[in-house]
Amino acid sequence: DVVETQEHYKSRWRSIWIMYLTMFLSSVGFSIVIMSVWPYLQKIDPTADASFLGWIIASYSIGQMVASPLFGLWSNYRPRREPLVVSTAISVAANCLYAYVHLPHSHNKYYMLTARALVGFGAGNVAVVRSYIAGATSLTERTSAMANTSACQAVGFILGPVFQTCFTLIGEEGITWKLIHLQLNMYTAPVLFGALLGVINIILIFAIFREHRVDDMGRQCKSINSEGEESGGLDQDAEGNIDHVAVVAINFLFFVILFVFAVFETIATPLTMDMYSWTRKEAVFYNGIILSVVGIESVIVFMVVKMLSKKTGERAILHGGLLIVLVGFFILLPWGKKLPNIQWQEIKNNSIPRTTSTEMLMPFWSLEALQLPSNHTVEPVGCPITQSWCLNTPMIYLAQYISSDILIGLGYPVCNVMSYTLYSKILGPKPQGVYMGWLTASGSGARILGPVFVSQIYTHLGPRWAFSLICGVVVVSLLLLEIVYKRLIAFSVRYGRMQE
């Protein structure tokens, strides 16, 4: 065993900070264009519809899901600098491609789809980042480092739209650099800024990042990824098998955690438009504020959970986080008697449609709404009549919605950090690249399936069914956690090398 020197300690933490930056930039790469994708898509290719927009949004997660295990496998056998630089370079190139998708004369939407998929592919390096941090921290440092990593990711998601908003000052036309056919406008400037950040990240990886590895006790070890100059003592604690039951359990729990949060993000706008008769503009604005507050809440939780885990342990906090998420979705269930405003889209000749069996369910204001002039241009608001559940499902009060947002914003970051921390501790001194790749892939899969699930169930069956099913999924997760609770322990503790 080699005692860690002060110089090694400083170099190790400088490298970890570079990983924090890489995580931040990968999330900025996703969120910096999320608000402008739809108007930019309509501008460059009028043939694109809303369903194609769904594919463009999902392509990021699909790319990340494919790339994560591949980059993880690469990092198990080669210096991590290689997959980190290559993945970041792919993201830089993809952002540049996004800035030029207006140039082709046809099929522009497919170029945009390719660009976003490649940005997601480059973001597969989060598996490398987390596997490095897991190997470069002791057990006592792990929770704090994982919380910082998740906090950097959350801050990236929050600041991305802020950067986008700043670039709207350039306007839709902007300026054109004819020599290289580059249009610098509110749609392309954010991705070019992201590309610049990526280049800076690559430079920092070459200049500062070094391979380091310590065992669970914090003793310097030789890394299989080392290029020679940072090698320390040999790791003799890697003997023993990984508990694959615990590994699969954490993968499932992580899938559920990201699945329910993806549902939460996706449902916010349509739910509030249906329940509170908000216009599209109001729904985007108000939910943008709410999600920003939830993001800030999450960053605070990431910081608090580092201290709390030292007193209670990760498993208990994960259990508590899942319970909070369950309560958050349970509150969202429709409980009252008041029905939401009904949106009548076809209003002709100031006439009231023939009486139907559902008329008795209509509140007085829905009949008044039918008296609007036939040539009105006001945006229809309320719960659309095409969703049959609107006629018999009670509305979800605003207080319920806000309370649910607060609880989910509290429970999600807790579960996120504890999943990564427990997972890395279960894997122990074994190379974690591929395993972290699978965990990232399960999260990406959840972000793809969550919106599909909620859009189908919510549209056809309503919020009662949608949120009841979510509650059922979380209950199953809690039962699984109870079953495997005693197996979710650190590798070194499992083999008696450390006390729990």
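Glycine residues also receive a Cβ, built from the backbone N, Cα and C atoms like all the rest.
Copied over from TrEMBL, here are the features:
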| type | residues | note |
| --- | --- | --- |
| DOMAIN | 15-489 | domain 'Major facilitator superfamily (MFS) profile' |
| TRANSMEM | 17-40 | transmembrane segment |
| TRANSMEM | 52-72 | transmembrane segment |
| TRANSMEM | 84-101 | transmembrane segment |
| TRANSMEM | 113-133 | transmembrane segment |
| TRANSMEM | 154-171 | transmembrane segment |
| TRANSMEM | 191-209 | transmembrane segment |
| TRANSMEM | 245-264 | transmembrane segment |
| TRANSMEM | 284-305 | transmembrane segment |
| TRANSMEM | 317-336 | transmembrane segment |
| TRANSMEM | 401-423 | transmembrane segment |
| TRANSMEM | 435-459 | transmembrane segment |
| TRANSMEM | 465-485 | transmembrane segment |
Which of 17-40, 113-133, 191-209, 317-336 contacts the transmembrane segment (435-459) most, counting Cβ pairs under 8 Å: 113-133
Interface-richest range of 113-133, 154-171, 284-305, 317-336 toward the transmembrane segment (17-40), CB pairs under 8 Å: 154-171
For the transmembrane segment (284-305), distant same-chain residues with Cβ under 8 A (at least six beyond the ends): 143, 147-148, 150-151, 154-155, 157-158, 161, 265, 268-269, 272, 278, 317, 402, 405-406, 408-410, 412-414, 417-418
Cβ-based contact of the transmembrane segment (465-485) with the transmembrane segment (317-336), 3 or more pairs under 8 Å: yes
Within-chain partners of the transmembrane segment (154-171) [C-beta distance under 8 Å, separation at least 6 from its ends]: 23-36, 184-186, 189-190, 193, 288, 292, 295-296, 298-299, 302, 413
Long-range neighbours of the transmembrane segment (317-336), counting only residues six or more past its ends (CB under 8 A): 253, 257, 260, 305, 308-309, 393-397, 400-401, 403-408, 410-412, 414-415, 418-419, 422, 463-464, 467-468, 470-471, 474-475, 477-478, 481, 485
